[in-house]
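Report on one structure; see the data block that follows.
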């Protein structure tokens, strides 16, 4: 069975699995470590290990907050050697949002 394709969102709905925005700091203000970097924190959540999450600027190649492993919200490894990872504050989608993260307007027909 082929993988399910999820629309890319600039806001997070649910756990933020499809979030592809550009927030790159944690809730406490720490800068995110690049997903392809192994310093200061070694990890296995790399673009090579998560190819379905994207391998361009919208996926795991940058230091943007993501949720590749079904956590409760997007997160990242930090560049702080004392703090391995933290959750990120990313924009939440409203209930009436489309795949672009922009609100949809209801039109009477």
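Placed from the backbone N, Cα and C atoms, the Cβ positions cover glycine too.
Listed in TrEMBL:
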- 65-88: disulfide bond (DISULFID)
- 10-93: domain 'Kringle' (DOMAIN)
Residues in the domain 'Kringle' (10-93) grouped by DSSP into helix, strand and remaining coil:
3 helix, 14 strand, 67 coil
With Cβ-Cβ distance below 8 Å and at least 6 positions apart along the chain, what are the contacts of residue 88 (disulfide bond)? List them in sequence order.
23, 25, 26, 27, 32, 65, 73, 74, 75, 76
Could you give the mean pLDDT over the domain 'Kringle' (10-93), rounded to a whole number?
87
What is the total of other Cβ atoms whose distance to the Cβ of residue 65 (disulfide bond) is within 10 Å?
24
